[in-house]
Structures are given as C-alpha cells and as structure tokens.
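**Q** Pasting in a structure now, in structure tokens, and then I'll have a few things to ask.
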C-alpha cells in the first residue's frame with residue numbers, strides 16, 4: 001500500500017547505458033532551490049552533472065564527458081508519500097539547521113509525466129521545453145541590452161535615455177537670443193543628420209566620424225558662439241542647448257520620438273514573446289494523455305521549530321465531507337485548506353510541511369464520492385483490505401469503543417458526585433419550595449454578584465436620591481424609579497466620547513455592556529442584580545428595595561435570559577478589568593524603571609486582551625498602547641541581559657542567562673506566535689542580531705557553551721512549550737480606585753491634566 005518502485009537509467013554518451021530498479025517507501029525530495037512540488041519532482045527525476053571518466057576507461061579524448069541519471073517510476077503505491085528534506089548540516093556552526101524556504105504543493109498532482117511507460121513522450125516534451133527555454137534566454141538577453149544600454153560602467157534603459165535627450169533638446173533658456181543666420185541647417189547637413197539617425201545605435205559614432213570632416217580653424221572662429229556676459233553660476237534652471245534653431249529642434253524631436261517609439265515597441269514585442277513561450281511551457285504537460293494518474297492530497301505532516309527540537313502535528317482530509325481535520329496532540333479540530341496553506345507552505349515563520357501523503361484518486365475510496373459514502377461503503381473498503389489489516393482495524397475500533405465507554409462512565413460518576421454535593425449544601429436548601437438552581441446559574445450569580453458589589457456605592461446613592469418616592473409611593477415604585485434613573489445615568493455615560501485618559505467602562509459593568517450592544521435582557525438583569533445585592537443592608541429602605549429586587553430576579557425564567565450568554569458577558573467584563581489592572585500595573589512599573597516586573601504584566605495584558613478584541617473592538621483596551629510599552633520593556637530587559645552577559649563574570653553571566661530563560665525568551669515566543677506587527681518583528685530581529693553577533697567574539701568555553709544553548713531557543717519560537725509565570729494579582733479597592741489610577745497613568749503618558757472621575 002505504501003511501497004513502489006522506480007528505475008534508474010544512466011545518461012552518458014561514452015559509457016554503456018545501464019539501468020536498475022529500486023523500491024521506495026517515502027520518496028525523498030530536496031526543497032532548497034525549488035518553489036513548488038512539481039519543480040522538486042522534476043529535479044529529483046533528472047540529475048545531470050559533469051564528471052571525468054575513470055582512468056581505466058577508454059577515452060575518445062582527454063576531455064570530461066557528460067554523465068547523469070534519470071529516474072522513472074515503474075510502480076506507484078496507492079498511498080504516495082513524499083518526504084521533504086528540510087534539514088541540512090551547517091559546517092560553520094557544526095550543527096544541523098532547518099530549511100524554512102517556502103514550498104507550494106497542489107491538492108492534485110498528475111504522476112503520468114514521471115512514469116516509465118510515458119518515457120518517450122516525456123523526453124520529447126522535455127526536449128521541446130529545453131528549446132523554448134533557450135529561446136527565452138536569447139530573448140531575455142536582447143531585452144537586457146535595451147534595459148541596460150551603453151558602453152560605459154553605468155548603463156540605463158534606452159527609452160529613458162532617448163527621452164532625456166529629447167527633453168534637453170526641447171528645453172529653452174529663460175531668455176533665448178536670436179539664432180545667427182549661419183546656424184541654419186544646410187541641405188548637406190540635413191542629409192548627414194538623416195543618415196546618422198538611421199544608423200544603428202552601436203555604430204552611429206563611427207559613421208559620423210567618417211562622413212563629417214573636421215572644421216578648419218577659420219570655421220571654428222566663425223562658428224564660435226558669443227561668450228555670455230553672465231557667469232555659469234548666474235545661470236538658472238535645467239541645462240539647455242546654447243544655440244539651436246526651430247528646424248533643428250523639430251528634426252531632433254522627430255528622430256528621437258520615432259526611435260523611442262520603435263524601441264518601446266521592440267521591448268514590448270520581446271516581453272510578449274517571452275510571456276507566450278512561458279505559457280507554452282506551462283501548458284506542455286496539459287496533454288490529456290498525461291492526466292490519467294491523478295493523486296489527491298490526503299495528509300500533510302508538518303514541523304514547527306528548528307532542527308534540534310520542535311512540535312509536530314498533521315492535517316488529514318476527510319474525503320466524504322470534503323474538509324480538513326487538524327490533529328494536534330490530543331485535540332482534533334475542523335480546519336480549511338486556506339489554514340493548511342498558511343501553516344504548511346513555510347517561508348514566513350519556522351512552521352513548514354515536511355511530509356506529503358497523496359492517494360490515488362482512482363481507488364474505490366474516491367470513486368464512491370458521488371454515491372453513498374456512508375457506513376456501507378466504508379465496510380466494503382475494510383473488506384477489501386488484506387485479512388491481517390482487517391483484524392488490525394477491527395481491534396483498533398474495539399479499543400476505541402472501550403475508551404469511549406470508560407470515559408462516559410467516568411463522566412457520569414463525576415456528575416453524580418457533583419449532584420450529591422449540591423444536595424448536601426446548606427446554601428441551597430429545598431425548604432422554601434423553590435427549585436434548586438443549576439450549576440451554570442450559580443456560577444453566573446457568583447460572578448455577577450461580584451460586579452454588583454463593586455457598584456454598591458453607586459447603587460446606594462441611587463436609592464438615597466429617591467427617598468421621597470419610597471415614602472410616598474412605596475417600595476415597588478421606588479425600585480422602579482431608582483432602576484430607570486440609574487439606567488439613564490449609565491446610558492449617558494456609555495454614550496460619552498472616550499478620551500485617552502478616561503475609560504468609563506471601568507466605572508460600571510453596565511457601561512461595558514451598553515457600549516458592546518449586549519442584549520437588553522442581559523443589561524436589565526445585570527442592573528436588577530445591582531439592587532438585589534446583599535451588601536445593600538444599610539437601613540430599612542435599602543433592605544426593602546433589596547428584597548423586592550431579589551423577588552423579581554426569581555420571577556425571571558430561563559426562557560427570558562440565556563444564562564450561558566449572560567455568564568459569558570460577565571466573564572468578558574471580568575477579563576476586561578483584569579486586562580486593565582495588568583496594563584495599569586505594567587505602566588506604573590515602567591515609569592518606575594522596573595522593566596522586568598512591568599514586562600510580565602504587559603505580556604499577560606496583551607494576551608488576554610486579544611481574546612476580547614476577537615469578539616469586538618470595544619471588548620478590550622487599546623492594543624497599540626499595550627504593544628508599545630511591552631516592546632519597550634522587552635528591549636530594555638534584553639539590553640540589561642546582554643550587558644550582564646558581556647561582562648564575562650560567572651555570576652553576572654548566570655544572571656543574564658536566567659533573565660533570558662525565565663522572561664525574555666518566553667515573552668518573545670508569545671509575541672512571535674501571535675499576529676505580530678512590523679514594529680514587534682523589527683524589535684525581535686534586533687534582539688536576535690545582538691545575540692548572534694557574539695558568535696564571532698572571543699569568550700571562554702563556559703560562556704560559549706551557554707551561548708550555544710541560548711541561540712536555538714532565541715531563534716526558534718516553538719521548539720518547546722514555554723509557560724510564562726503569571727504576575728501577582730492586584731485587586732483594586734473600588735471602581736473609583738481603578739479609574740483614578742488610569743487617569744494618573746494616562747496623564748503621565750500623554751502629558752495632559754488629570755481627569756476627575758465623577
């Protein structure tokens with residue numbers, strides 16, 4: 001199923017032609033120097049080189065002879081595997097290196113052009129292609145003579161040179177003096193000029209010299225132009241001819257324009273001819289006779305990292321459903337061809353495909369695509385397998401069923417234990433006759449109650465503002481008015497234009513929900529929980545309003561509010577506050593020149609913020625602000641580590657290496673593995689270049705060894721799973737505390753006055 005055979009034939013005009021057949025499993029292909037899989041195959045099937053014959057061979061002359069080999073597939077397996085050679089040994093460094101060059105591969109490849117039975121047809125087409133490529137070489141040389149015209153060291157495009165001469169001849173001085181009568185063009189001169197203009201560019205100078213006689217001294221004296229009274233320094237504008245008549249300008253312009261048009265037409269004809277020949281080469285193998293053995297891409301295995309370490313995963317095509325599945329360790333996720341292309345082509349990062357598996361599209365597995373692709377077809381495929389392989393498939397399926405059954409049983413035990421602990425909990429007793437809330441509802445209430453508790457001062461103020469309504473209209477009316485008044489206040493705050501030093505979302509969860517267009521049911525329940533908060537037990541009025549709000553919460557059914565959606569909104573706001581705290585702490589540490597501590601906070605702020613921004617631009621904070629100061633802290637930390645390393649002292653070198661391993665390298669990996677911007681990429685390259693520059697410097701063996709261990713990790717951002725330790729959590733006392741810190745930091749950064757948070 002996986003093994004095939006190929007024939008090796010010698011290519012020699014002197015030695016006897018020999019051939020041999022070899023078997024293969026994974027067919028190796030060189031990647032370096034090729035753009036796509038077709039070029040790799042073409043290069044692997046034909047190997048040409050110049051070698052001298054052995055001394056014991058009779059030679060027709062003392063010259064070397066051409067010798068090479070060509071390969072032809074004699075038998076192709078149902079599953080054709082190409083092993084892409086992406087590793088080479090670096091002699092200067094003394095270690096293997098990975099080749100990251102880009103290589104494209106098609107979803108369908110026709111193998112007819114590499115089969116031995118088509119050898120004569122393919123050799124004929126290859127000979128035609130060689131002739132066409134020779135024609136392209138000649139045409140490109142002709143085109144190059146136009147693009148780099150001249151006999152000196154500096155050469156320029158001929159149309160541009162003609163245009164420049166035309167511009168010079170057509171330029172008039174600011175105050176042109178009238179031309180003398182004897183400067184008119186004579187008939188003889190006109191004939192000479194026309195004759196010269198029709199001479200090819202490379203011989204014009206010789207013809208002019210032969211046909212024009214040199215003037216005598218008296219002629220030089222008569223034709224010598226009058227000296228200008230003004231000095232060259234006083235001359236303004238572009239260079240211009242000193243004396244020229246309209247007839248001369250007209251003649252020169254006519255000739256130059258005609259030559260320029262002819263030159264441009266010749267160049268365009270050459271380009272069109274090259275394009276036509278290239279199209280002929282591309283269509284050379286489009287013959288229907290060479291499209292009989294299609295192989296469809298079934299799996300791509302690729303590697304992320306360097307030669308000494310990395311991470312492996314695979315994409316496998318689910319043929320019946322026509323989609324791709326991504327197998328990464330224990331996870332299997334649906335993917336697309338576009339995502340596979342981005343990850344597997346290579347050339348951009350250190351991720352690239354190293355193995356391609358193609359399946360013969362004429363197998364029954366593919367022939368049944370248009371019909372029933374269900375269980376019956378799969379069963380027929382299994383029955384068509386060899387008996388030993390059938391037993392292996394059946395045993396593997398049985399093991400999978402056993403694992404699924406064990407997992408389901410384990411999950412049922414866990415759920416039973418959770419239900420038992422829930423029923424034993426005194427917090428949710430059944431004495432009231434109310435139905436016990438679900439686990440999701442309890443999680444949501446825990447998080448939403450935290451947000452309600454943070455706004456208790458604002459809620460208490462809203463209740464106090466409506467003391468009159470409570471006394472006159474009762475609890476229900478007071479709660480209704482307080483609810484609408486608080487909603488209106490927060491709605492107006494949400495509609496305010498944000499400033500660089502004031503983020504109203506930090507003041508209240510409702511502002512965050514309103515700015516992100518949360519569902520009305522989510523907004524209203526959140527505000528109602530604010531009035532139902534147990535922390536509002538200040539006085540009889542607050543307690544009465546709290547109990548009424550709690551009763552209204554119980555009246556809300558699951559059909560009115562999607563609790564999963566409600567939970568996600570509060571989780572997002574909780575993460576938003578966490579990002580804000582990390583950002584402010586990082587900026588404060590940066591201002592105090594504590595770059596190491598600040599970097600950890602800023603990196604975590606950026607990573608968490610990205611998960612929010614995916615859902616909407618108002619879900620998170622300004623991405624560019626975090627990235628800017630994260631980059632500054634990373635560069636300063638790297639400078640400090642490099643300074644310690646350059647000292648050469650054992651203790652200081654160890655400190656610098658520790659800083660790299662524990663902080664700088666993990667941060668670099670997180671930056672590279674996300675959507676990196678140009679500024680971050682430049683910063684990473686600056687840091688890498690600095691550490692690579694130490695390779696050429698003298699240092700003791702111990703330091704050299706540590707540098708050798710560091711460089712692969714600096715250059716490879718995926719060789720190992722690196723976890724950056726999360727910074728210590730800092731909880732602000734209240735929304736006002738967080739807002740005041742935000743205003744103070746933004747004032748320092750933007751150089752504006754602080755804003756008083758109301």
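Just so you know, glycine gets a Cβ as well, placed from its N, Cα and C.
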**Q** Quick check on the annotations: TrEMBL lists region 'Disordered' for one of 382-408, 409-435, 436-462, 463-489. Which range is it?
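**A** That would be 409-435, per the region 'Disordered' entry in TrEMBL.
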**Q** Can you dig out which of the ranges 66-93, 94-121, 122-149 TrEMBL describes as coiled coil?
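**A** It is 122-149 that TrEMBL annotates as coiled coil.
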**Q** Check the domain 'USP' (1-361) for me and report the mean pLDDT.
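**A** The answer is 74, the mean pLDDT of the model over that range.
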